[in-house]
(Lines of atoms letter the chains of each structure in order from A and count residues from 1; the text may use other names and numbers.)
(Lines give C-alpha, C1' and ligand atoms only; values in the text may rest on other atoms or scores of the structure.)
Protein backbone atom coordinates (compact mmCIF):
# COMPACT_ATOMS: atom_id res chain seq x y z
CA UNK A 1 0.00 0.00 0.00
CA UNK A 2 2.80 2.41 0.92
CA UNK A 3 4.62 1.82 -2.36
CA UNK A 4 1.41 2.24 -4.33
CA UNK A 5 0.64 5.61 -2.76
CA UNK A 6 4.17 6.85 -3.32
CA UNK A 7 4.14 5.90 -6.99
CA UNK A 8 0.65 6.85 -8.08
CA UNK A 9 0.01 10.15 -6.32
CA UNK A 10 2.22 12.85 -7.81
CA UNK A 11 1.25 16.47 -7.34
CA UNK A 12 2.19 19.86 -6.05
CA UNK A 13 2.43 20.64 -2.35
CA UNK A 14 -0.81 22.57 -2.27
CA UNK A 15 -4.11 21.49 -0.85
CA UNK A 16 -7.63 22.57 -0.10
CA UNK A 17 -8.79 22.88 3.49
CA UNK A 18 -10.01 19.42 4.44
CA UNK A 19 -12.42 18.51 7.22
CA UNK A 20 -9.63 16.72 9.11
CA UNK A 21 -7.33 19.78 9.06
CA UNK A 22 -10.13 22.06 10.18
CA UNK A 23 -11.19 19.64 12.93
CA UNK A 24 -7.67 19.35 14.37
CA UNK A 25 -7.19 23.13 14.21
CA UNK A 26 -10.50 23.63 16.02
CA UNK A 27 -9.91 20.97 18.69
CA UNK A 28 -6.37 22.05 19.57
CA UNK A 29 -7.24 25.74 19.58
CA UNK A 30 -10.54 25.29 21.43
CA UNK A 31 -9.21 22.88 24.06
CA UNK A 32 -5.79 24.48 24.63
CA UNK A 33 -5.20 27.95 23.16
CA UNK A 34 -8.58 29.35 24.23
CA UNK A 35 -7.79 28.51 27.85
CA UNK A 36 -4.87 30.96 27.80
CA UNK A 37 -7.16 33.85 26.84
CA UNK A 38 -9.83 32.68 29.29
CA UNK A 39 -7.37 32.55 32.19
CA UNK A 40 -6.04 36.02 31.37
CA UNK A 41 -9.46 37.57 31.93
CA UNK A 42 -11.28 35.17 34.27
CA UNK A 43 -9.95 36.69 37.52
CA UNK A 44 -10.98 40.27 36.69
CA UNK A 45 -14.72 40.01 37.28
CA UNK A 46 -14.67 38.02 40.58
CA UNK A 47 -11.66 39.89 42.02
CA UNK A 48 -13.64 41.35 44.91
CA UNK A 49 -15.26 38.01 45.77
CA UNK A 50 -11.90 36.21 45.71
CA UNK A 51 -10.37 38.81 48.05
CA UNK A 52 -13.33 38.43 50.43
CA UNK A 53 -12.86 34.66 50.42
CA UNK A 54 -9.16 35.06 51.20
CA UNK A 55 -9.89 37.46 54.05
CA UNK A 56 -12.65 35.30 55.58
CA UNK A 57 -10.44 32.23 55.44
CA UNK A 58 -7.56 33.98 57.17
CA UNK A 59 -9.95 35.27 59.86
CA UNK A 60 -11.26 31.75 60.49
CA UNK A 61 -7.69 30.46 60.79
CA UNK A 62 -5.98 33.21 62.76
CA UNK A 63 -8.82 35.19 64.33
CA UNK A 64 -7.84 38.36 62.51
CA UNK A 65 -8.00 39.42 58.87
CA UNK A 66 -5.43 40.76 56.44
CA UNK A 67 -4.73 44.44 55.98
CA UNK A 68 -5.35 46.00 52.59
CA UNK A 69 -1.71 45.73 51.47
CA UNK A 70 -1.42 42.05 52.39
CA UNK A 71 -4.75 41.24 50.72
CA UNK A 72 -3.71 43.05 47.55
CA UNK A 73 -0.39 41.20 47.57
CA UNK A 74 -2.16 37.85 47.94
CA UNK A 75 -4.50 38.62 45.07
CA UNK A 76 -1.62 39.89 42.92
CA UNK A 77 0.14 36.58 43.55
CA UNK A 78 -3.00 34.78 42.34
CA UNK A 79 -2.89 36.75 39.09
CA UNK A 80 0.87 36.73 38.44
CA UNK A 81 1.56 33.09 39.37
CA UNK A 82 -0.15 32.20 36.07
CA UNK A 83 2.79 33.79 34.22
CA UNK A 84 5.30 31.94 36.42
CA UNK A 85 3.63 28.65 35.50
CA UNK A 86 3.61 29.69 31.84
CA UNK A 87 7.36 30.30 31.91
CA UNK A 88 7.94 26.87 33.45
CA UNK A 89 5.70 25.23 30.84
CA UNK A 90 7.47 26.95 27.95
CA UNK A 91 10.84 25.62 29.17
CA UNK A 92 9.49 22.05 28.99
CA UNK A 93 8.29 22.25 25.38
CA UNK A 94 11.44 20.99 23.64
CA UNK A 95 11.69 17.90 25.82
CA UNK A 96 7.97 17.07 25.62
CA UNK A 97 7.52 17.35 21.84
CA UNK A 98 10.63 15.25 21.22
CA UNK A 99 9.47 12.49 23.58
CA UNK A 100 5.69 12.47 23.05
CA UNK A 101 5.31 14.15 19.66
CA UNK A 102 3.24 17.22 18.87
CA UNK A 103 -0.25 15.72 19.24
CA UNK A 104 0.92 13.53 22.10
CA UNK A 105 2.07 16.56 24.07
CA UNK A 106 -1.25 18.35 23.53
CA UNK A 107 -3.19 15.29 24.69
CA UNK A 108 -0.99 14.40 27.66
CA UNK A 109 -0.90 17.97 28.98
CA UNK A 110 -4.68 17.98 29.44
CA UNK A 111 -4.17 16.28 32.81
CA UNK A 112 -2.85 19.64 34.06
CA UNK A 113 -6.15 21.34 33.25
CA UNK A 114 -8.19 18.77 35.17
CA UNK A 115 -5.89 19.12 38.18
CA UNK A 116 -6.11 22.92 38.05
CA UNK A 117 -9.89 22.93 37.53
CA UNK A 118 -10.42 20.60 40.48
CA UNK A 119 -8.22 22.69 42.76
CA UNK A 120 -9.92 25.97 41.90
CA UNK A 121 -13.44 24.52 41.76
CA UNK A 122 -13.29 22.95 45.23
CA UNK A 123 -11.20 25.70 46.88
CA UNK A 124 -14.13 27.43 48.60
CA UNK A 125 -15.58 24.14 49.89
CA UNK A 126 -12.18 23.24 51.32
CA UNK A 127 -11.59 26.77 52.61
CA UNK A 128 -8.18 26.93 50.97
CA UNK A 129 -6.85 30.03 49.13
CA UNK A 130 -3.74 27.98 48.44
CA UNK A 131 -5.78 25.75 46.12
CA UNK A 132 -6.76 28.78 44.02
CA UNK A 133 -3.16 30.00 43.77
CA UNK A 134 -1.72 26.57 43.00
CA UNK A 135 -4.51 25.91 40.50
CA UNK A 136 -3.60 29.13 38.68
CA UNK A 137 0.04 28.02 38.65
CA UNK A 138 -0.81 24.60 37.18
CA UNK A 139 -3.06 26.03 34.48
CA UNK A 140 -0.24 28.46 33.69
CA UNK A 141 2.06 25.50 33.03
CA UNK A 142 -0.52 24.12 30.60
CA UNK A 143 -0.83 27.45 28.81
CA UNK A 144 2.96 27.74 28.57
CA UNK A 145 3.08 24.36 26.85
CA UNK A 146 0.06 24.98 24.62
CA UNK A 147 1.15 28.40 23.35
CA UNK A 148 4.15 26.75 21.70
CA UNK A 149 2.99 23.22 20.89
CA UNK A 150 -0.33 24.04 19.20
CA UNK A 151 1.17 26.40 16.57
CA UNK A 152 4.01 23.91 16.06
CA UNK A 153 1.56 21.05 15.48
CA UNK A 154 -0.68 23.03 13.14
CA UNK A 155 2.31 24.44 11.25
CA UNK A 156 3.61 20.93 10.59
CA UNK A 157 0.34 19.30 9.50
CA UNK A 158 -0.71 22.21 7.26
CA UNK A 159 0.26 22.39 3.56
CA UNK A 160 2.32 25.47 2.82
CA UNK A 161 -0.56 27.31 1.16
CA UNK A 162 -2.70 26.98 4.33
CA UNK A 163 0.02 27.28 6.98
CA UNK A 164 -0.75 30.92 7.71
CA UNK A 165 -4.51 30.41 7.97
CA UNK A 166 -4.22 27.43 10.32
CA UNK A 167 -1.31 29.02 12.19
CA UNK A 168 -3.47 31.98 13.22
CA UNK A 169 -6.38 29.84 14.42
CA UNK A 170 -4.92 29.63 17.96
CA UNK A 171 -4.74 33.44 18.22
CA UNK A 172 -8.43 33.70 17.27
CA UNK A 173 -9.33 31.29 20.04
CA UNK A 174 -7.14 33.18 22.51
CA UNK A 175 -9.19 36.29 21.73
CA UNK A 176 -12.34 34.19 21.92
CA UNK A 177 -11.24 32.96 25.36
CA UNK A 178 -10.88 36.53 26.62
CA UNK A 179 -14.26 37.41 25.11
CA UNK A 180 -15.92 34.36 26.69
CA UNK A 181 -14.54 35.23 30.13
CA UNK A 182 -15.78 38.81 29.76
CA UNK A 183 -19.30 37.67 28.83
CA UNK A 184 -19.57 34.96 31.49
CA UNK A 185 -18.21 37.43 34.06
CA UNK A 186 -21.20 39.73 33.65
CA UNK A 187 -23.31 40.01 36.79
CA UNK A 188 -26.29 38.52 34.96
CA UNK A 189 -24.38 35.26 34.30
CA UNK A 190 -21.50 33.97 36.48
CA UNK A 191 -20.50 37.33 37.92
CA UNK A 192 -22.19 36.63 41.26
CA UNK A 193 -20.34 35.71 44.46
CA UNK A 194 -21.67 32.16 44.68
CA UNK A 195 -20.47 31.28 41.17
CA UNK A 196 -16.80 32.32 41.16
CA UNK A 197 -15.34 28.81 41.90
CA UNK A 198 -17.43 27.40 39.05
CA UNK A 199 -16.29 30.28 36.83
CA UNK A 200 -12.62 29.47 37.45
CA UNK A 201 -13.17 25.73 36.96
CA UNK A 202 -14.92 26.03 33.58
CA UNK A 203 -11.56 25.45 31.86
CA UNK A 204 -12.16 21.70 32.12
CA UNK A 205 -15.11 21.78 29.68
CA UNK A 206 -13.27 22.57 26.41
CA UNK A 207 -10.35 20.40 27.48
CA UNK A 208 -12.66 17.43 28.08
CA UNK A 209 -14.10 17.80 24.57
CA UNK A 210 -10.57 17.96 23.15
CA UNK A 211 -9.50 14.86 25.09
CA UNK A 212 -12.46 12.86 23.79
CA UNK A 213 -11.85 13.66 20.10
CA UNK A 214 -8.24 14.66 19.39
CA UNK A 215 -6.63 11.24 20.09
CA UNK A 216 -8.48 9.85 17.05
CA UNK A 217 -6.45 12.09 14.72
CA UNK A 218 -2.90 11.33 13.52
CA UNK A 219 0.39 12.73 14.76
CA UNK A 220 2.32 15.33 12.73
CA UNK A 221 3.54 13.67 9.48
CA UNK A 222 6.82 15.59 9.63
CA UNK A 223 7.48 14.30 13.14
CA UNK A 224 6.65 10.73 12.08
CA UNK A 225 8.95 10.78 9.04
CA UNK A 226 11.87 13.00 10.01
CA UNK A 227 12.19 12.12 13.69
CA UNK A 228 10.60 8.66 13.93
CA UNK A 229 11.51 7.46 10.38
CA UNK A 230 8.10 5.79 10.06
CA UNK A 231 7.16 6.06 6.39
CA UNK A 232 3.97 4.00 6.67
CA UNK A 233 2.58 6.11 9.55
CA UNK A 234 3.53 9.25 7.62
CA UNK A 235 1.56 8.16 4.58
CA UNK A 236 -1.43 7.22 6.70
CA UNK A 237 -1.32 10.64 8.43
CA UNK A 238 -1.09 12.48 5.10
CA UNK A 239 -4.07 10.52 3.77
CA UNK A 240 -6.05 11.92 6.73
CA UNK A 241 -4.98 15.50 6.15
CA UNK A 242 -4.57 15.75 2.34
CA UNK A 243 -6.10 14.90 -0.98
CA UNK A 244 -4.29 11.86 -2.45
CA UNK A 245 -2.81 13.85 -5.32
CA UNK A 246 -0.68 15.87 -2.87
CA UNK A 247 0.93 13.04 -0.91
CA UNK A 248 3.82 12.19 -3.22
CA UNK A 249 5.15 15.74 -3.61
CA UNK A 250 4.88 16.46 0.09
CA UNK A 251 6.71 13.28 1.10
CA UNK A 252 9.48 14.19 -1.33
CA UNK A 253 9.73 17.66 0.24
CA UNK A 254 9.93 16.12 3.73
CA UNK A 255 12.54 13.60 2.57
CA UNK A 256 14.58 16.47 1.15
CA UNK A 257 14.51 18.11 4.55
CA UNK A 258 15.34 14.77 6.16
CA UNK A 259 18.41 14.38 3.94
CA UNK A 260 19.69 17.84 4.84
CA UNK A 261 19.28 16.92 8.51
CA UNK A 262 20.72 13.40 8.23
CA UNK A 263 23.69 14.34 10.41
CA UNK A 264 21.84 16.82 12.64
CA UNK A 265 19.86 15.56 15.64
CA UNK A 266 17.29 17.63 17.52
CA UNK A 267 19.36 20.42 19.02
CA UNK A 268 19.25 21.77 22.55
CA UNK A 269 18.58 25.40 23.40
CA UNK A 270 22.27 25.93 24.12
CA UNK A 271 23.30 24.52 20.74
CA UNK A 272 20.64 26.61 19.04
CA UNK A 273 22.04 29.79 20.58
CA UNK A 274 25.60 28.85 19.59
CA UNK A 275 24.74 27.82 16.02
CA UNK A 276 25.95 30.65 13.80
CA UNK A 277 24.02 29.32 10.79
CA UNK A 278 20.70 30.26 12.42
CA UNK A 279 21.72 33.48 14.15
CA UNK A 280 19.31 35.60 12.06
CA UNK A 281 16.41 33.25 12.74
CA UNK A 282 17.12 33.18 16.47
CA UNK A 283 17.47 36.96 16.61
CA UNK A 284 14.19 37.35 14.72
CA UNK A 285 12.35 35.03 17.12
CA UNK A 286 13.80 36.90 20.11
CA UNK A 287 12.78 40.33 18.79
CA UNK A 288 9.24 39.52 17.69
CA UNK A 289 8.40 37.53 20.84
CA UNK A 290 9.77 40.19 23.20
CA UNK A 291 8.17 42.92 21.09
CA UNK A 292 4.82 41.12 21.25
CA UNK A 293 4.67 41.58 25.04
CA UNK A 294 6.63 44.86 25.35
CA UNK A 295 4.24 46.46 22.85
CA UNK A 296 2.14 47.59 25.83
CA UNK A 297 -0.92 45.48 25.10
CA UNK A 298 -1.03 44.13 28.66
CA UNK A 299 -0.85 47.65 30.07
CA UNK A 300 -3.68 48.73 27.78
CA UNK A 301 -5.86 45.81 28.88
CA UNK A 302 -5.10 46.60 32.52
CA UNK A 303 -6.03 50.30 32.26
CA UNK A 304 -8.91 50.02 29.80
CA UNK A 305 -11.52 50.63 32.51
CA UNK A 306 -9.74 53.78 33.72
CA UNK A 307 -9.53 55.17 30.20
CA UNK A 308 -13.22 54.46 29.60
CA UNK A 309 -14.12 56.08 32.92
CA UNK A 310 -12.15 59.21 32.00
CA UNK A 311 -14.04 59.28 28.70
CA UNK A 312 -17.25 59.74 30.63
CA UNK A 313 -18.73 56.27 30.27
CA UNK A 314 -20.96 55.55 33.32
CA UNK A 315 -19.40 53.03 35.72
CA UNK A 316 -22.24 50.46 35.43
CA UNK A 317 -21.84 50.44 31.65
CA UNK A 318 -18.05 49.97 31.59
CA UNK A 319 -18.32 46.18 31.90
CA UNK A 320 -20.40 46.09 28.73
CA UNK A 321 -17.95 48.40 26.97
CA UNK A 322 -15.14 46.05 27.94
CA UNK A 323 -17.08 43.16 26.40
CA UNK A 324 -17.26 45.29 23.24
CA UNK A 325 -13.46 45.49 23.14
CA UNK A 326 -13.41 41.70 23.43
CA UNK A 327 -15.63 41.46 20.38
CA UNK A 328 -13.23 43.76 18.51
CA UNK A 329 -10.38 41.38 19.40
CA UNK A 330 -12.23 38.43 17.87
CA UNK A 331 -13.16 40.37 14.71
CA UNK A 332 -9.59 41.61 14.23
CA UNK A 333 -8.26 38.08 14.73
CA UNK A 334 -10.66 36.75 12.10
CA UNK A 335 -9.56 39.46 9.66
CA UNK A 336 -5.93 38.48 10.16
CA UNK A 337 -6.69 34.76 9.79
CA UNK A 338 -8.62 35.14 6.53
CA UNK A 339 -6.20 37.62 4.92
CA UNK A 340 -2.80 36.20 5.87
CA UNK A 341 -2.57 33.86 2.88
CA UNK A 342 -3.45 36.73 0.55
CA UNK A 343 -1.40 39.51 2.13
CA UNK A 344 1.42 37.49 3.68
CA UNK A 345 3.01 37.52 7.13
CA UNK A 346 5.03 40.72 6.79
CA UNK A 347 2.14 43.14 6.07
CA UNK A 348 0.15 41.86 9.05
CA UNK A 349 2.96 42.05 11.57
CA UNK A 350 4.41 45.33 10.25
CA UNK A 351 0.97 46.92 9.95
CA UNK A 352 -0.09 45.61 13.37
CA UNK A 353 2.95 46.93 15.20
CA UNK A 354 2.81 50.17 13.21
CA UNK A 355 -0.84 50.73 14.12
CA UNK A 356 -0.08 50.02 17.78
CA UNK A 357 2.84 52.46 17.78
CA UNK A 358 0.76 55.27 16.26
CA UNK A 359 -2.10 54.64 18.71
CA UNK A 360 0.28 54.56 21.71
CA UNK A 361 1.52 58.00 20.69
CA UNK A 362 -2.13 59.04 20.26
CA UNK A 363 -2.98 57.96 23.81
CA UNK A 364 -0.12 60.07 25.18
CA UNK A 365 -1.30 63.09 23.17
CA UNK A 366 -4.96 62.64 24.17
CA UNK A 367 -4.16 62.21 27.88
CA UNK A 368 -2.07 65.38 27.85
CA UNK A 369 -4.66 67.47 26.01
CA UNK A 370 -7.93 66.06 27.36
CA UNK A 371 -8.07 68.65 30.17
CA UNK A 372 -7.93 71.42 27.53
CA UNK A 373 -9.74 69.82 24.57
CA UNK A 374 -12.95 68.01 25.45
CA UNK A 375 -13.11 65.61 22.48
CA UNK A 376 -9.63 64.22 23.27
CA UNK A 377 -11.16 61.77 25.75
CA UNK A 378 -12.91 60.10 22.82
CA UNK A 379 -9.61 60.03 20.91
CA UNK A 380 -8.12 58.02 23.79
CA UNK A 381 -10.95 55.49 23.52
CA UNK A 382 -10.36 55.22 19.77
CA UNK A 383 -6.63 54.68 20.36
CA UNK A 384 -7.36 51.88 22.83
CA UNK A 385 -9.54 50.20 20.22
CA UNK A 386 -6.81 50.73 17.60
CA UNK A 387 -4.13 49.17 19.80
CA UNK A 388 -6.26 46.12 20.56
CA UNK A 389 -7.29 45.68 16.91
CA UNK A 390 -3.71 46.19 15.66
CA UNK A 391 -2.41 43.63 18.12
CA UNK A 392 -4.99 40.95 17.34
CA UNK A 393 -4.74 41.29 13.57
CA UNK A 394 -1.04 40.40 13.47
CA UNK A 395 1.31 40.54 16.49
CA UNK A 396 -0.98 38.32 18.59
CA UNK A 397 -0.50 35.25 16.43
CA UNK A 398 2.10 35.75 13.70
CA UNK A 399 5.14 35.46 16.07
CA UNK A 400 4.15 31.88 16.96
CA UNK A 401 3.62 31.07 13.28
CA UNK A 402 6.92 32.68 12.27
CA UNK A 403 8.76 30.63 14.91
CA UNK A 404 7.56 27.43 13.21
CA UNK A 405 8.40 28.66 9.72
CA UNK A 406 11.92 29.99 10.31
CA UNK A 407 13.37 26.66 11.48
CA UNK A 408 13.64 23.13 10.17
CA UNK A 409 12.66 20.06 12.18
CA UNK A 410 15.89 19.71 14.17
CA UNK A 411 15.88 23.28 15.50
CA UNK A 412 12.14 23.93 15.86
CA UNK A 413 11.55 22.59 19.42
CA UNK A 414 14.46 24.58 20.86
CA UNK A 415 13.29 27.69 18.98
CA UNK A 416 9.84 27.41 20.53
CA UNK A 417 11.42 27.00 23.96
CA UNK A 418 13.41 30.22 23.46
CA UNK A 419 10.49 32.17 22.00
CA UNK A 420 7.97 30.94 24.55
CA UNK A 421 10.17 31.58 27.59
CA UNK A 422 11.03 35.10 26.40
CA UNK A 423 7.35 35.76 25.75
CA UNK A 424 6.38 34.81 29.31
CA UNK A 425 9.32 36.64 30.90
CA UNK A 426 8.43 39.79 28.96
CA UNK A 427 4.80 39.39 30.03
CA UNK A 428 5.85 39.23 33.67
CA UNK A 429 8.25 42.16 33.25
CA UNK A 430 5.57 44.45 31.82
CA UNK A 431 3.17 43.60 34.63
CA UNK A 432 5.84 44.30 37.24
CA UNK A 433 7.47 47.40 35.74
CA UNK A 434 4.54 49.26 34.17
CA UNK A 435 3.01 50.62 37.43
CA UNK A 436 6.37 52.17 38.32
CA UNK A 437 6.84 53.46 34.77
CA UNK A 438 3.37 54.98 34.85
CA UNK A 439 4.07 56.71 38.19
CA UNK A 440 7.39 58.16 37.03
CA UNK A 441 6.56 59.08 33.42
CA UNK A 442 2.80 59.67 33.64
CA UNK A 443 1.12 60.01 30.26
CA UNK A 444 4.49 59.82 28.51
CA UNK A 445 4.94 56.16 29.48
CA UNK A 446 3.06 55.08 26.35
CA UNK A 447 5.80 56.64 24.21
CA UNK A 448 8.08 53.82 25.40
CA UNK A 449 5.66 51.30 23.91
CA UNK A 450 5.41 53.43 20.76
CA UNK A 451 9.18 53.25 20.30
CA UNK A 452 9.25 49.47 20.83
CA UNK A 453 6.42 48.87 18.34
CA UNK A 454 8.06 51.01 15.67
CA UNK A 455 11.44 49.34 16.24
CA UNK A 456 9.98 45.83 15.83
CA UNK A 457 8.09 46.89 12.69
CA UNK A 458 11.31 48.31 11.22
CA UNK A 459 13.25 45.11 12.03
CA UNK A 460 10.64 42.93 10.33
CA UNK A 461 10.59 45.26 7.31
CA UNK A 462 14.36 45.14 6.77
CA UNK A 463 15.32 41.65 7.99
CA UNK A 464 12.56 39.02 7.92
CA UNK A 465 11.62 37.80 4.41
CA UNK A 466 8.11 36.85 3.35
CA UNK A 467 7.47 33.18 4.15
CA UNK A 468 4.05 32.83 2.52
CA UNK A 469 3.63 29.69 0.40
CA UNK A 470 7.24 28.51 0.92
CA UNK A 471 8.49 25.22 2.29
CA UNK A 472 10.56 25.08 5.48
CA UNK A 473 13.67 24.23 3.45
CA UNK A 474 13.11 27.19 1.10
CA UNK A 475 12.72 29.56 4.05
CA UNK A 476 15.90 28.22 5.63
CA UNK A 477 17.77 28.70 2.36
CA UNK A 478 16.69 32.36 2.21
CA UNK A 479 18.31 32.96 5.59
CA UNK A 480 21.31 30.85 4.58
CA UNK A 481 21.82 33.09 1.55
CA UNK A 482 21.79 36.11 3.87
CA UNK A 483 24.43 34.43 5.99
CA UNK A 484 26.32 33.33 2.87
CA UNK A 485 26.54 36.91 1.58
CA UNK A 486 28.16 37.97 4.83
CA UNK A 487 30.62 35.07 4.69
CA UNK A 488 31.44 35.56 1.01
CA UNK A 489 32.75 39.03 1.79
CA UNK A 490 35.57 37.36 3.71
CA UNK A 491 36.65 35.17 0.78
CA UNK A 492 39.25 36.63 -1.57
CA UNK A 493 39.57 33.65 -3.94
CA UNK A 494 36.32 31.68 -3.97
CA UNK A 495 37.59 29.33 -6.70
CA UNK A 496 40.32 28.11 -4.34
CA UNK A 497 37.80 26.94 -1.78
CA UNK A 498 35.70 23.81 -1.76
CA UNK A 499 32.76 22.84 0.41
CA UNK A 500 33.49 20.03 2.81
CA UNK A 501 30.38 19.96 4.98
CA UNK A 502 27.04 21.73 5.07
CA UNK A 503 24.48 21.75 7.82
CA UNK A 504 20.71 21.50 7.55
CA UNK A 505 20.34 25.19 6.71
CA UNK A 506 22.49 25.20 3.58
CA UNK A 507 25.22 27.19 5.35
CA UNK A 508 28.81 26.18 6.01
CA UNK A 509 29.55 24.78 9.44
CA UNK A 510 32.49 26.04 11.47
CA UNK A 511 35.72 24.73 10.00
CA UNK A 512 34.01 23.49 6.87
CA UNK A 513 36.16 25.52 4.47
CA UNK A 514 39.48 24.19 3.30
CA UNK A 515 41.91 25.55 0.73
CA UNK A 516 42.40 23.51 -2.41
CA UNK A 517 46.18 23.36 -2.64
CA UNK A 518 46.10 22.01 -6.19
CA UNK A 519 44.22 25.09 -7.32
CA UNK A 520 46.70 27.39 -5.68
CA UNK A 521 49.72 25.76 -7.31
CA UNK A 522 48.36 25.41 -10.83
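Quick reminder: no glycine exception, Cβ is built from N, Cα and C everywhere.
Taken from TrEMBL, the feature transmembrane segment covers 21-43 (among others).
The domain 'Major facilitator superfamily (MFS) profile' annotation in TrEMBL covers 25-468.
The annotation transmembrane segment is assigned in TrEMBL to 73-94 (among others).
Packing against the transmembrane segment (106-125) from elsewhere in the chain are residues 28, 31-32, 35, 53, 96, 100, 131-132, 134-136, 138-139, 141-142, 145-146, 149-150, 153, 196-198, 200-204, 207-208, 210-211, 214-215: each is 6 or more residues past its ends and has a CB under 8 Å from a CB in it. Feature annotation from TrEMBL assigns transmembrane segment to 106-125 (among others).
The transmembrane segment feature in TrEMBL is assigned to 131-153 (among others).
The annotation transmembrane segment is assigned in TrEMBL to 165-184 (among others).
What TrEMBL lists as transmembrane segment is 196-217 (among others).
The transmembrane segment annotation in TrEMBL covers 280-303 (among others). Note on the transmembrane segment (280-303): residues 40, 272-273, 349, 353, 356, 360, 384, 387-388, 391, 395-396, 398-399, 402-403, 406-407, 411, 415, 418-420, 422-423, 426-427, 429-431, 434, 438, 445-446, 448-449, 452-453, 455-456, 459-460, 463-464, 479, 482-483 of its chain, located 6 or more positions outside it, place their CB under 8 angstroms from a CB of the stretch.
As annotated by TrEMBL, transmembrane segment applies to 318-340 (among others).
Below 8 angstroms of C-beta separation, residues 288, 291, 295-297, 307, 336, 339-340, 376-377, 379-380, 382-384, 386-387, 389-391, 393-396, 398-399, 402, 443-447, 449-454, 456-457, 460-461 of the same chain, each at least six residues beyond the ends of the transmembrane segment (347-369), sit close to that stretch. The transmembrane segment annotation in TrEMBL covers 347-369 (among others).
Per TrEMBL, transmembrane segment is recorded for 375-402 (among others). Through the fold, the transmembrane segment (375-402) approaches residues 147-148, 151, 155, 163-164, 167-168, 170-172, 174-175, 284-285, 288-289, 291-292, 295-297, 300-301, 304, 307-308, 310-312, 325, 328-333, 335-337, 340, 345, 348-356, 358-360, 362-363, 365-367, 369, 419, 423, 464, 467 of its own chain, all at least 6 residues removed from its boundaries and within a Cβ separation under 8 Å.
Positions annotated as transmembrane segment by TrEMBL: 414-437 (among others). Remote same-chain residues near the transmembrane segment (414-437) are listed as 80, 83-84, 86-87, 89-91, 93-94, 97, 144, 147-149, 152, 266-269, 271-273, 281-282, 285-286, 289-290, 292-294, 296, 298-299, 302, 399-400, 403-404, 406-407, 445, 448 (criterion: CB distance under 8 Å, separation of at least six residues from the stretch ends).
If you look up TrEMBL, you'll see 443-464 (among others) marked as transmembrane segment.
Same-chain residues lying 6 or more positions outside the transmembrane segment (165-184) and placing a CB less than 8 Å from one of its CB atoms are 17, 21, 25-26, 28-30, 32-42, 44-45, 147, 150-151, 154-155, 157-158, 190-191, 199, 202, 319, 322-323, 326-327, 329-330, 332-334, 336-338, 340-341, 392, 396-398, 400-401, 404. For the transmembrane segment (443-464), the list of distant contacts is 280, 283-284, 287-288, 291, 294-296, 299, 345-346, 349-350, 353-354, 356-358, 360-361, 363-364, 367-368, 402, 434, 437: same-chain residues at least six beyond its ends, Cβ to Cβ under 8 Å. Long-range Cβ contacts of the transmembrane segment (21-43) within its own chain (Cβ-Cβ under 8 Å, at least 6 residues beyond either end) map to 50, 78-79, 82, 106, 109-110, 113, 136, 139-140, 142-143, 146-147, 149-150, 153-154, 157-158, 162, 166, 169-182, 185, 199-200, 202-203, 206-207, 209-211, 213-214, 217, 241, 301, 326.
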